[in-house]
Protein chains: 2
Amino acid sequence: MKAFYGDLKLGILGGGQLGRMLIQQAINYNVTIKVLDPDPEAPCRKLCDEFTAGSLGDYETVYNFGKTVDLLTIEIEKVNVDALEQLEKEGVVVYPQPRIIRLIQDKGLQKQFFKENDIPTADFQIISSIEQLKQSHIPFPYIQKLRRDGYDGKGVYKVTDEAALDKAFTAPSLVEKLIDFEKEIAVIVARNDNGEVKCFPMVEMEFNPEANLVEFLIAPSMLPFEIHQEAENIAKRIAESLKIVGLLAVEMFLDKHGRILVNELAPRPHNSGHQTIEGNTVSQFEQHLRAIFNQPLGNTDCLNNAIMVNVLGEAGYEGPAVYQGIEKILNKPGVYIHLYGKALTKPFRKMGHVTIVDADREKAIEKARFVQATLKVIA
Amino acid sequence: MKAFYGDLKLGILGGGQLGRMLIQQAINYNVTIKVLDPDPEAPCRKLCDEFTAGSLGDYETVYNFGKTVDLLTIEIEKVNVDALEQLEKEGVVVYPQPRIIRLIQDKGLQKQFFKENDIPTADFQIISSIEQLKQSHIPFPYIQKLRRDGYDGKGVYKVTDEAALDKAFTAPSLVEKLIDFEKEIAVIVARNDNGEVKCFPMVEMEFNPEANLVEFLIAPSMLPFEIHQEAENIAKRIAESLKIVGLLAVEMFLDKHGRILVNELAPRPHNSGHQTIEGNTVSQFEQHLRAIFNQPLGNTDCLNNAIMVNVLGEAGYEGPAVYQGIEKILNKPGVYIHLYGKALTKPFRKMGHVTIVDADREKAIEKARFVQATLKVIA
């Protein structure tokens with residue numbers, strides 16, 4: 001591979017906010033950046049050397065795009081893997097490796113991988129059709145997940161009783177024991193081609209039981225040291241089994257008995273690592289670049305308590321986005337805004353995020369609640 | 001002025017590294033960014049919504065560019081101020097204000113401003129011609145500075161004796177007493193239109209007496225508290241006298257008697273503030289945006305010791321840039337590379353900078369020396 005600075009052409013499949021933040025960091029390395037995304041108005045469109053509007057799922061489009069770069073990476077895993085495998089054969093470096101993207105695209109294969117590699121995960125069964133599901137007599141309640149194309153909570157269905165089966169997914173899926181979990185936690189791990197592996201400190205999601213929603217992310221987690229250690233060991237074991245090059249986000253549950261169960265993987269920068277931009281020695285975006293450029297991985301220490309709040313389109317509004325409350329939140333020290341350059345808002349669309357950094361954890365949480373109550377995206 | 005996020009069009013005069021780092025930060029605010037620079041290969045060319053190649057000194061070019069934006073700022077002060085004044089009359093918001101750019105473009109006017117406002121500075125005389133200089137009988141040695149267009153040490157001449165007068169500048173200039181200084185120090189101050197004023201902690205330049213060159217910048221300075229306080233007070237007084245909106249970099253000397261003397265001003269992000277990207281709660285670029293958007297200024301505290309090393313083109317090399325030693329320096333924790341996207345190197349051209357952050361000051365200095373010895377830009 002060419003030296004990563006200077007004349008290296010880096011291609012990114014996907015031009016959303018993850019690509020945007022990756023580019024903000026990649027600017028420091030002088031690489032030529034090309035982006036492919038189906039949306040001609042994608043957040044990255046004006047921030048790269050070359051933007052191509054085209055389907056990420058189409059073989060020809062991905063192949064032709066890939067032929068113009070030296071190194072190809074992704075910011076979304078729903079891409080045409082056949083094209084990536086062909087590009088790899090023809091000498092384009094593709095990180096993460098296509099075989100890993102293929103595995104992670106299919107939640108069934110992912111679960112089998114966990115099982116084969118002794119990675120703790122909730123018990124599951126693979127179901128190929130609705131008939132098979134109806135005949136399986138799994139004790140209610142349980143969770144049904146589509147094997148493919150689930151995203152941001154879509155493709156997940158809670159089967160509470162016999163009647164609920166009528167609305168169950170008909171496509172190939174897996175069913176999973178409902179976990180009575182205490183916390184959602186996540187570890188982002190990076191591996192480079194030299195085999196160096198480094199984790200970011202474990203983070204936890206703060207759950208709002210009233211709204212039944214993840215409210216925000218806290219880094220580092222305040223759970224006991226043993227939990228950190230175990231979660232990071234699991235993440236490292238997965239990265240090493242896969243021999244991934246790049247970032248791997250490992251989402252996990254901590255159940256009421258203190259057991260960690262891996263939920264799912266994302267082989268790319270991830271929502272659970274945005275706070276690393278201000279909160280850690282290197283950010284997840286810098287680390288992904290170092291990993292795919294096969295450079296020494298950066299120190300991942302937390303500089304401070306950091307809380308990440310997603311900025312979502314307000315329910316009931318759709319159209320050109322209007323932001324309310326920015327001045328008020330910038331008035332607080334240690335509050336950082338990241339807007340994603342999306343012209344149109346719709347309910348719950350991810351329009352940006354805010355990171356709050358404070359040496360005093362309680363103050364950080366207080367400010368996070370203020371940000372949530374104050375910053376609104378309407379139309 | 002329009003709300004600063006969403007549909008505001010921000011114009012930047014100059015598309016070099018300062019503009020590039022300003023854009024990296026401005027991406028977080030969704031503004032539309034347009035850049036004017038004479039070099040079609042300028043570092044910002046691919047990172048903005050619209051890039052125009054054209055002269056910054058030409059009235060029509062600057063005026064026409066300015067008419068397409070809501071808010072205009074600069075990353076270099078050598079721009080056509082007549083055009084800016086006309087744009088201001090016609091309702092374009094120009095920060096820093098054109099009258100301040102006009103003042104700072106002329107080192108003679110700058111010095112008179114210092115004198116009128118009791119800002120401590122080296123004694124000086126304004127000289128309109130070489131004949132006047134020869135007749136003035138100022139005691140040798142002294143410094144002659146061109147009133148206009150000096151840059152990065154150009155336009156400065158040390159007049160050691162009668163014979164040296166033959167090579168003195170013939171254009172309007174000022175002569176200044178040679179200062180036997182102990183340290184070069186700098187404070188970057190920001191002011192917004194609400195009148196809020198905030199300084200970044202004072203930094204100092206580490207001088208290499210052997211090479212007779214500034215070796216690197218250390219933040220924060222380790223000079224006594226009283227010096228910090230005085231330097232920051234001077235910077236605030238200047239910002240308030242000028243009523244500037246935006247950043248103002250104030251370069252100062254500390255003489256052998258412990259007196260501070262202001263050397264010169266730059267009304268924009270500045271080389272002496274690059275380390276704020278990793279070293280401070282907010283960076284100078286974020287602060288400049290907050291100031292010109294009239295948002296609350298950010299907290300400027302240092303997070304850690306930070307050292308900034310300029311990455312200059314190696315003497316003896318000219319042509320397409322090749323970077324040596326990057327992997328070795330990335331191997332050290334707390335080392336951050338910023339390359340400026342310049343295709344061609346030449347001796348002493350600013351090709352990038354490296355920031356080194358470490359809680360242990362001595363270790364930071366050690367790493368900075370390693371970076372200087374290891375990272376080379378050749379052709």
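Using N, Cα and C of the backbone, Cβ positions are placed for all residues, glycine too.
Because TrEMBL annotations are produced automatically, they should be read as predictions rather than curated entries.
Listed in TrEMBL:
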type	residues	note
BINDING	A:K107, A:K145, A:E176, A:K177, A:L178, A:I179, A:E184, A:N263, A:E264	ATP binding site
DOMAIN	A:111-293	domain 'ATP-grasp'
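Structure with TrEMBL features highlighted.
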residue: A:K107; record: ATP binding site; DSSP (3 states): helix
residue: A:E176; record: ATP binding site; DSSP (3 states): strand
residue: A:E184; record: ATP binding site; DSSP (3 states): strand
residue: A:E264; record: ATP binding site; DSSP (3 states): strand
Mean per-residue pLDDT computed across the domain 'ATP-grasp' (A:111-293): 92
Cβ-Cβ neighbours of A:E184 (ATP binding site) (radius 10 Å): 18
Other CB atoms, at most 10 A from the CB of A:L178 (ATP binding site): 15
Binding-site residues listed as A:K107, A:E176, A:E264, least Cβ neighbours within 10 Å: A:E264
Max CA-CA distance, Å, over listed ATP-binding residues A:K107, A:K145, A:E176, A:K177, A:L178, A:I179, A:E184, A:N263, A:E264: 18
